[in-house]
Amino acid sequence: MSSTFNPAASSPDEEETGEVKIEDQCVENKQSTPASCSSVSEGSAGSSHKSPTIASPATVSPTHRYLGRTSGPIRRAKGGWTPEEDETLRQAVDTFKGKSWKNIAKSFPDRTEVQCLHRWQKVLNPDLIKGPWTHEEDEKIVELVEKYGPAKWSIIAQSLPGRIGKQCRERWHNHLNPDINKDAWTTEEEVALMNAHRSHGNKWAEIAKVLPGRTDNAIKNHWNSSLKKKSEFYLLTGRLPPPTTTRNGVPDSVTKRSSSAQKRVFGSVAQTSSVTTDVNNLAEDGNGQINSSVPVEEVVAASRMTSLNEYARSPQLPNPEPLPENGGAANNGYHLYYTPQIDYYRASEVDTQRMYGNECGCSPSASPVSFFTPPPCRNVHSNGSTPRSPESYLREAGRTYPNTPSIFRKRRPRVVVQDNNNAKKTDEAKEVDQKVNDGKDSSEIQNNGSNAYNLSPPYRIRSKRTAVFKSRQLEFISREEEKADDETKSSEKDMLIDGDSQLLG
């Protein structure tokens, strides 16, 4: 005995009942393409719109009686379709012109005619369109739903080439239905979804009855993407975790962490400035003693602090002003730019002496650990800050790059310290230099007298340079060697005179 199901002549409730009966006989397809079972009334490949007959236990072929089933589905698929089965199905459809699905199913011992029909309609049919929906297709579905109602999907699919009834039905219920609520989920809806999921599990159609305006597909997506992670917290406390509010696209948690970090940094900068100010006040009093309880190492380390992170980004002076609430963006559109504050920086003597040498008031004979206070400027603004030149900003920025030569650093002048043991030799060298300098011009002597230890002497004639070089060599010649040289020179002169007299005679 067989029964048929005509969707065109049945009511929506009867069609849904028929779909449930047909879907009980379907098998889940494991292919990547959608192959879930739906109503057989969704437009088959043939011209007839009647569903194929459903075999009863009395019409089971003898080859399948070994299953021993007397009720319910007759055959179940043992797995996904193999490439060999797909090729066999194509050949059978070509043989029977896609009309007799009972004869087509005879080619598969473990497949029913419904499974073969769905495999062909949803996967193998070359005329099937699986791509995204176009605007024209959506308008056509809306027009046909107004004409036929949201039930006769097989008739609606006939007006959309390449689409089947199941695709049209899912497109309407998930996207095109004007009753769909597409607003953001409220807390009440999420709590209702939590409670319904505890009762029904993953039965999204049952849960959708509790949430009017939400489709089962939207409910499933929201559960898997958001609420599934909050379910443990809800089961423990009975309420949802507090939502993470955002401020201009930045979560409050990130804003709080950044503000706390800024407070710590600015607090350390303020503490550094206060310690440095105390030390400078002691230096201005003229006392060489430092009676501060702060360790000297900490003060030195704090005085060298010029940026929040010297090695992670470009150098900048610390800014005690808080950042604006819009995530650090200024009113003029620039990001992460702060006006440098001068009052929070004090250079130490070690750094200043390395840059400027001993010309800024730093004495080499001072204590090993001392501090330098820059000389006060006469021009003072109304707010108490002193004007600065661009070179000072460049010098401070250059200090943040260690082991790098700087164009602003000056050479240290060499200081020659005389030793008492070499005083005698130095006096002799001075006497020789005095004899050599007798033939020099007065202007040259005056220039040399102003800078006695200049490493770059003025230009001299070659003969004078040779004389100076010889005079420097005399420092290492003793009196006896000088006498021996004089005797040798006199004997050479006598020999030359005798030789000349013989040639003339």
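Placed from the backbone N, Cα and C atoms, the Cβ positions cover glycine too.
Feature DNA-binding region, per Swiss-Prot, maps to range 204-227 of the set 204-227, 324-347. The stretch that Swiss-Prot tags with DNA-binding region, taken from the ranges 153-176, 393-416, is 153-176. Per-class residue totals from DSSP over the DNA-binding region (153-176), listed helix then strand then coil: 18 helix, 0 strand, 6 coil.
Secondary structure of the DNA-binding region (101-124) per DSSP (helix as H, G, I; strand as E, B; remaining residues coil): 17 helix, 0 strand, 7 coil.
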